[in-house]
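Asks: There's a structure below that I have some questions on.
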Protein chains: 4
Amino acid sequence: MTDFFRDIPEITYAGPDAEGEFAFRHYDPSEMVMGKRLEDHLRFSVAYWHSFAWPGGDPFGGQTFERPWFGDTMEAAKLKADVAFEMFRILGQPFYCFHDYDVRPEGDNFAESAARLDEIGDYLGEKMQATGTRLLWGTANMFSSRRWMSGAATNPDPEVFAYAAASVKACMDVTHRLSGENYVLWGGREGYETLLNTDLGRERAHAGRFLQMVVDYKHKIGFQGAILIEPKPQEPTKHQYDYDVATVYGFLKEFGLEGEVKMNIEQGHAILAGHSFEHELAMARELGIFGSIDMNRNDYQSGWDTDQFPNTVPEVALAYYEVLKAGGFTTGGTNFDAKLRRQSLDPEDLILAHVGGMDVCARGLKAAAAMLEDGTLEAMRSERYAGWDAPAAQKMLDGSLEAAAARVGDEGLDPKPRSGRQERLENIVNRFV
Amino acid sequence: MTDFFRDIPEITYAGPDAEGEFAFRHYDPSEMVMGKRLEDHLRFSVAYWHSFAWPGGDPFGGQTFERPWFGDTMEAAKLKADVAFEMFRILGQPFYCFHDYDVRPEGDNFAESAARLDEIGDYLGEKMQATGTRLLWGTANMFSSRRWMSGAATNPDPEVFAYAAASVKACMDVTHRLSGENYVLWGGREGYETLLNTDLGRERAHAGRFLQMVVDYKHKIGFQGAILIEPKPQEPTKHQYDYDVATVYGFLKEFGLEGEVKMNIEQGHAILAGHSFEHELAMARELGIFGSIDMNRNDYQSGWDTDQFPNTVPEVALAYYEVLKAGGFTTGGTNFDAKLRRQSLDPEDLILAHVGGMDVCARGLKAAAAMLEDGTLEAMRSERYAGWDAPAAQKMLDGSLEAAAARVGDEGLDPKPRSGRQERLENIVNRFV
Amino acid sequence: MTDFFRDIPEITYAGPDAEGEFAFRHYDPSEMVMGKRLEDHLRFSVAYWHSFAWPGGDPFGGQTFERPWFGDTMEAAKLKADVAFEMFRILGQPFYCFHDYDVRPEGDNFAESAARLDEIGDYLGEKMQATGTRLLWGTANMFSSRRWMSGAATNPDPEVFAYAAASVKACMDVTHRLSGENYVLWGGREGYETLLNTDLGRERAHAGRFLQMVVDYKHKIGFQGAILIEPKPQEPTKHQYDYDVATVYGFLKEFGLEGEVKMNIEQGHAILAGHSFEHELAMARELGIFGSIDMNRNDYQSGWDTDQFPNTVPEVALAYYEVLKAGGFTTGGTNFDAKLRRQSLDPEDLILAHVGGMDVCARGLKAAAAMLEDGTLEAMRSERYAGWDAPAAQKMLDGSLEAAAARVGDEGLDPKPRSGRQERLENIVNRFV
Amino acid sequence: MTDFFRDIPEITYAGPDAEGEFAFRHYDPSEMVMGKRLEDHLRFSVAYWHSFAWPGGDPFGGQTFERPWFGDTMEAAKLKADVAFEMFRILGQPFYCFHDYDVRPEGDNFAESAARLDEIGDYLGEKMQATGTRLLWGTANMFSSRRWMSGAATNPDPEVFAYAAASVKACMDVTHRLSGENYVLWGGREGYETLLNTDLGRERAHAGRFLQMVVDYKHKIGFQGAILIEPKPQEPTKHQYDYDVATVYGFLKEFGLEGEVKMNIEQGHAILAGHSFEHELAMARELGIFGSIDMNRNDYQSGWDTDQFPNTVPEVALAYYEVLKAGGFTTGGTNFDAKLRRQSLDPEDLILAHVGGMDVCARGLKAAAAMLEDGTLEAMRSERYAGWDAPAAQKMLDGSLEAAAARVGDEGLDPKPRSGRQERLENIVNRFV
Ligand SMILES: [Co+2]
Ligand SMILES: [Co+2]
Ligand SMILES: [Co+2]
Ligand SMILES: [Co+2]
Ligand SMILES: [Co+2]
Ligand SMILES: [Co+2]
Ligand SMILES: [Co+2]
Ligand SMILES: [Co+2]
């Protein structure tokens, strides 16, 4: 056991009136909500990269965090894993996620990197065995190294495509071995800086083909988890091909993959794409591709990805409302792809940021469940569209433009608008949050 | 002949060193560019609504323009048409576009409105016959009246769907009768203000079904033009279903219409969606759905649709570069969906705004053609992807993830990045603009 | 008594578990908070323009509201006033605000307009007398008429400057007569669309001189209320001179008015300027120019001023936290410069939008007060800056650059960063909202 | 001489039809424009940090550039200087700029760092002597080290304030010794991430006091250059105190420094603040605080500071138009605070990015000069405001609100709007760009 978190107790539920900072006020894993334990609804996951690998840099400043496990040796990697699992224990985290790059130092060549990933995979597996913490998803970091600067699957150099295939294969293998419940692809460099040097058609075709290969490989190895794409409109590139849910849906349709691939939706990326989080969730649900969420917010006044811990219950409630309407998570979960502010230097900050985020999510999910159980919102929605339930309306939908048009004259139609009642609906939401 | 534009001469080409404001400095319709007359490349069109129907209001102020044809009588509508065709003559405009709502006053009921559209259609037809000005596209205004406040095809009230069908049918009929080269749908109210009162799945399904009806009707009446959708992310609603090109592509795929419907892409809407104009054009080209353009810019410092005349040659050149790479316009053209600033009160402003826009477009297209003919940009692009032309690369694309991955070890791959040379490419563009 | 709100009961406090929509769940005017009645903390005000004069238009659509008092007669104006005061009674509103343009139809010339304003002023005065509702502020609409299209005090035409002087004088007079507690200037047209036709120096000088005249006139007539400027960065213009609080502060300093003029800060305008609401409030407080607030939010996904009723308690709480730290309102108050969504057609929508907003504000203010009384946030802030309380630190501040610099060598300084603890502070806030 | 730029020739003017990439097409240093050599108008400067110290990282990726001088030894620092001056020679750059941090490795303590700065200062001085390249400005990097993570002059820890004083003093000393023409302060960390942990009043007071100390020190040492502040609204922090020109003006007035400090205005920062570049320049000119420019653009589709080389002549022309109207540069100049795209790996990219930027600036300045000499734009502006030149108008400005108001009735005023002619003005600009 390391001493990084010494003196920090395990966090347990103590109710809204708890004393002090080291307690859950709202997250009681065993609380039953809509017939399911809260823990099983939320399926919380810690992101290895932000919590254990990120040094605290930003575009104008370098490392602020000084962690005993920083370094590029296997010993450091194992110390990092030790600390990570101590944090999972303290928080009672059921899940975590990682990139290859987070858990092992890069080797001198691919084979060495892969061997290190295997070795650390075993190390993580033992800890998972011992603690019961599970892997929500694995993924390959194909954006940090200069190798990927012009893309991975969409690189102008076919050798990089091969390297990407090897990287994803290695990460899928270790994810499968660790019984990961999903495998995620985030195309941080699959996009462009300028159209002037980009063959858009070729790059998109390669991206589509790569994704087909990934799906085929999943079936070949019998991986039962979901393949997830995480949309993001831009940053680091000027334009990323996985812009938002609707864009990725079109891409999946183009390559015949809409039945094979689902979405990992991040609040911050929704904001960057000009959407609300709930919009992206609702869209994925309606298109049949909802998978999992990255529950980290962006700052509305900043034009880049701030990856902050969630802290606004009303927003989180509207997000979980869409999740619950989608039937809740199956393989997916609530991943905190959230990083501490770079001034939050202390071990306590790392623990308490997660505690706060988990409490906000618990409040949000319980509010969402209460809204659904109350039923007023859904009743008002149904009532608004009730006209469409009439057989004549459905018949019109099945008919021709001329037939629909003819109704206007035949029936003397002059439809009158009815109130959309937005403010009243917002008031109702406010009873629950 | 009206006296609205009295004393304003017909605008003709007088070269870059022309005296005064009333001359084209760059737009010579007969100039041959890449083997085609400039006029036939650009296919300029005036938007009836902004130039003749818009009173100059904004969210904080009312009418500023005082036009003799403002009013809701058929006489006023005919005077408006007279002035419009005088402007087309002055500018030498080959095309124009209109909504039903722009050309006729609304009647007391649908039948009266339709009869008026027919009557004014005849009036326009005679003028077209006499002048040679053609109709680039017709469209139905399904956003201004309170009837449409909650959507047209996506309205919660099926009677509004019927009314929308009748409106579109009437507009398609008159467009067909006037030999319009396209029919456009812009879904300004096909979206939502709040998810709380919206059945996203139902609304999208109705929108898809409506579009199928429109396509069927086109074939039934033998309309040879293209059906075009004009994407816009938001405004007037908070979210519009036709968000951007990639979103509409997914929508078309979902409803099996990707071979039937093309895009009318507006610069301002691209900007609102977080894209460059050239991005949207390139995306449409690669997806096989490029149709036509609305050549009106947005102000980068304003978060709403300013619909200004184009005035930045380097931007316009990059846009036409993508258009030319798409093979140029077939049924499409360059529509100025642009409005005067509301302080630009004079008839001269209306003429000269178009003159300036046409000159900017002429410079842009000629620069784009010169860049293509020069060939350096395309040569550098091809060279960047040349590795993919090798048989081994293509074989890898056809193979499996494992096979691609195996190359890394088998061939000892350690790919080295090469410069993307963005600044050098930008310098080359600057030789032409 | 009109029958517009028939069947709608007076709204009273019924607690969080109230039945139905027509009750306050959180706003109990008589509840004591930090030694003051909640009503006296919040000082709610209704905006006449949005609630009674706005027809529901947006840039792509016209009137949606059909109100019996719409029209341009004095009878309609009085009916409008009758309905307004019925709403104030139903809501128990202590204050309201108006522009000249909202309360009277414009006359054929200035004298007639002024006479109508006087007449309607008397009518309003009687109602105020009878009901106890007070005037939070009056203001002149110098943006709707085409007269103002190029600015009011900043117009290129000096006759418009004179007209603006007359308009403001008339509105100040009636505000004074009705014992208004403030007079507000919002410069919706005091800005520019393009620098190309703008003499920035001249326009700003005229704006400054105009404001000096207004302040002089206030003193001359003995008006005891505050003169307030409402900053907004843009919309309707591309750039408005009263961009944000910091910009207006510089403007006031330039013209020697920083002791005479305070700020009316709107959440939506803060957002458009790239700030949070609490930022603008804190900045005004620190600069000594905090006055009043317009409590209407913008949609973070829309780039224009949506003027929605507040509905997010955590945001509102942070705003009132700054208000309370400023000592609370003196002449200022909480004005709902908020409009119904244009689809919210019913009288019930108008009432319930205000009820919801008032409850959200009540929750926010009570949360803010609880945070202040708890003291943890302020204690942590003080502790962070405690080093500056040392005499040596204050002495350094009073000294020279060289003296401060010398400390580094003399004392061997090598300062170590300490955690900013942002997430822990956010967790603490979440205990109260 | 190093071999980094081997085979790259000195760049000379060869006219618009030059062959190849290694030539100026528009920048002829000796060309006379408005009676002054082009070189003396533009006063180009290279930014040491981006061109020689930046490794190519972004928030999602690390170093891409592999430069022989990367390292933390004094030898590496001298090699870096050698290469820098070779680039200045190749480009014929008259000026450069640096931070302490760019030119010397940080020492183990402040004294060692300062000694290294002195040593490298001597080294640079010899090269300047030998080549004639001058220092446009020096500045202290008080944002990269973790020491500054919570601010420099605004740090909660007074020891950091002292460290900032020592850093600025050392940099002012070396700037003075090298005859720098300006000294710049950019407050990248002088702002906040959250109001919750920030004492806004205290921090601003400390920033103001610090600036006063800097000004006093300037006078004490007899530094003749200008003290410049470079505004930026945000990034790296959520809010920076030097938001934009208008904000800084208010700050200077508050601390009595408006006669002592001028602005270094960057295009990219203007964009982030919601302004056009020309707006910020015009505002600074009108407020009497125009100093110098950082001529590097932002991408309009990216919400962060992209610091790209300028490439759009029409924008650059409008910027220099404001510069020329301000009388041109005195101590200021055109600094390329621009970085290569991180994929632009080659030495050629570094040279040609500057060549392209310099040509764009030359075209822009010549177009601006031509517009001024033509005079149409200024004549139309003057004509628009001509009414104000009348004695009656000036008398009204000097009078009271009542007197101005009285004119409306006395003279029967009913002012009629006149066209703002924006499009015509834009057309005129397009004759020159
Ligand atoms: Co993110
Ligand atoms: Co994520
Ligand atoms: Co538009
Ligand atoms: Co359009
Ligand atoms: Co507003
Ligand atoms: Co307001
Ligand atoms: Co910058
Ligand atoms: Co800069």
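Just so you know, glycine gets a Cβ as well, placed from its N, Cα and C.
Note that TrEMBL annotation is computational and uncurated.
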Asks: Write down the one residue from D:D199, D:D216, D:D244, D:D337 that TrEMBL lists together with D:E230, D:E266, D:D294 as binding Mg(2+) 1.
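Replies: Candidate listed by TrEMBL for the same site: D:D337.
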Asks: If I take the alpha carbons of D:H269 (Mg(2+) 2 binding site) and D:E230 (Mg(2+) 1 binding site), what is the distance between them in whole Å?
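Replies: Between the Cα atoms of D:H269 (Mg(2+) 2 binding site) and D:E230 (Mg(2+) 1 binding site), the distance comes to 9 Å.
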Asks: Reported as an integer number of Å, what is the Cα distance between D:E230 (Mg(2+) 1 binding site) and D:D305 (Mg(2+) 2 binding site)?
Replies: 14
Asks: Going by Cα-Cα distance, which of the recorded positions (D:H99, D:D102, D:D305, D:D307) sits nearest to D:D337 (Mg(2+) 1 binding site)?
Replies: D:D307
Asks: Helix, strand or coil for D:D307 (Mg(2+) 2 binding site)? Use DSSP.
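Replies: The three-state answer is coil.
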Asks: Under 8 Å between C-beta atoms and at least six apart in sequence, can you list the same-chain neighbours of D:H99 (active site), or say none if there are none?
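Replies: Same-chain residues close to D:H99 (active site) (Cβ under 8 Å, separated by 6 or more) are D:Y48, D:W49, D:G138, D:T139, D:A140, D:N141, D:C171.
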Asks: Hey, how far is D:D307 (Mg(2+) 2 binding site) from D:D102 (active site), Cα to Cα, in Å?
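Replies: Cα-Cα, rounded: 17 Å.
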Asks: So, three-state DSSP: helix, strand or coil for D:D102 (active site)?
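Replies: The three-state answer is helix.
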Asks: What are the sequence-distant neighbours of D:E266 (Mg(2+) 1 binding site), meaning same chain, six or more residues apart, C-beta distance under 8 angstroms?
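Replies: For D:E266 (Mg(2+) 1 binding site), the qualifying residues are D:E230, D:P231, D:K232, D:I293, D:D294, D:N296, D:D337.
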Asks: According to DSSP, does D:H269 (Mg(2+) 2 binding site) fall in a helix, a strand, or coil?
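Replies: Looking at the DSSP assignment, D:H269 (Mg(2+) 2 binding site) belongs to a helix.
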Asks: Show, in sequence order, which residues other than D:E230, D:E266, D:D294, D:D337 on the same chain lie with their Cβ within 8 Å of the centre of the Cβ atoms of the Mg(2+) 1 site.
Replies: D:W186, D:K232, D:N264, D:I265, D:Q267, D:G268, D:H269, D:I293, D:N296, D:N335
Asks: Just checking: which of the recorded positions D:H99, D:D102, D:E230 have a C-beta under 6 Å from ligand 7?
Replies: none
Asks: Around the Mg(2+) 2 site (D:E266, D:H269, D:D305, D:D307), what further same-chain residues have their C-beta within 8 angstroms of the site's C-beta centre?
Replies: D:K232, D:Q267, D:G268, D:I271, D:L272, D:D294, D:N296, D:N298, D:T306, D:D337
Asks: Does D:D102 (active site) have same-chain partners at least 6 apart in sequence with Cβ under 8 Å from its own Cβ, and which are they?
Replies: D:Y48, D:W49, D:F52, D:A53, D:N141
Asks: Sort D:D294 (Mg(2+) 1 binding site) into helix, strand or coil using the DSSP assignment.
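Replies: DSSP assigns D:D294 (Mg(2+) 1 binding site) to strand.
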Asks: DSSP secondary structure for D:E230 (Mg(2+) 1 binding site), reduced to helix/strand/coil, please.
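Replies: The three-state answer is coil.
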Asks: With every protein chain in view, how many other Cβ atoms are within 10 Å of the Cβ of D:D305 (Mg(2+) 2 binding site)?
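Replies: Within a 10 Å radius of the Cβ of D:D305 (Mg(2+) 2 binding site) lie 25 other Cβ atoms.
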